[in-house]
């Protein structure tokens, strides 16, 4: 056999001796004539081996099914017969009607699913007995009703309300119930197209405050997403934001080591900056406003206390041996306590009246990234992506919350739920009593740097240059 091939190669092709024998043999094989692979369906064509693939792609005898198979057509035949079949296909003639019917069924299924969720929500409300009651004067317009309901968190995205009403002397008593943050939460609005990553957020009534990597701070309307103010004052990233209860003044701080005081409602942008405070000797990572005091946490290992009116520094808390990454105030009027977390792997509880450290929780091998407090519990997230839960009175560890893949940089607690935001691009809602995650929010495409929570909304800011409003 080999001698025969060698003879053919050398005698038939005078230049073939310069080629590798295998390449030459491959060339001869490609010239062989073969039947179309659709011969069994009637194709009579005989083509060269190297042209077979191209022929099969366009062969009219290739097996085919009706494009209306998804509607139920059982036809199987060849490409050449398909055109004739389509002219007589019942499914082709009724395709428009079938498509429109299917769409109506899909809408109906979606409506049933929505109503089922609404029924489950109302059942939970009935079981919990929770609601917000207000008195509506006779003659008040429906538009005013929707506006009032929205102000207490009882209106849906479309302005509808859940609740019941009854006539009473002097007006109509209506119970408007908001299930946030207990029930299903979805992204209500995305404020996108920011010039750079969002590093911090705060919320006050219907305003969202956001700090960014470029040192700017912005104010948005939470309902429309409209930009109300864009103020520039920091030279580096803004890591901390805190807003006065009135909403007229806010504080910002960041990597440039300064605290800026803003009266943002001033029409003249240049006059909005009230004061720049450079007292910290390093980056400022956190700000909290509580009972007329501003607290600032810095990587210079200190926490400073400021009078929010005079802007005077009232005290400096010292005790951490590493940078202070976070802080949270106990909101009870009689508490007068502050919690701080540090890179020295400790959490400290302070008496703000005396500046005394009351308790220290040592976290072993991981630095503390953020803290939150509520309902007698203290929460601390550490660099190992774990959230630790303590009894705040005894500083005894009750358990841990695990589920994030990367470190957790933000914690917020409200109405019996803990929210955590992570570098794994997700936000999780936890039931700390059962030590379980009951909801994971997805949508951001990068690290979630900032998070804020109130009774109606959860706001998150991300390195993907977006701010998301959840409800």
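Don't overthink the numbers, they just go from 1 along the chain as shown.
Just so you know, glycine gets a Cβ as well, placed from its N, Cα and C.
Here TrEMBL gives coiled coil for one range in the set 42-69, 70-97, 98-125, 126-153: that range is 98-125.
Through the fold, the repeat 'WD' (317-360) approaches residues 282-283, 285-286, 288, 290-291, 293, 295, 297-305, 366-373, 378, 380, 382, 390, 392, 395 of its own chain, all at least 6 residues removed from its boundaries and within a Cβ separation under 8 Å. For the coiled coil (98-125), the model gives a mean pLDDT of 82.
With a threshold of 8 Å between CB atoms, the same-chain residues lying at least 6 positions outside the repeat 'WD' (231-263) that come near it are 199-205, 207, 209-218, 269, 271-289, 294, 296-298, 306, 308, 311, 450.
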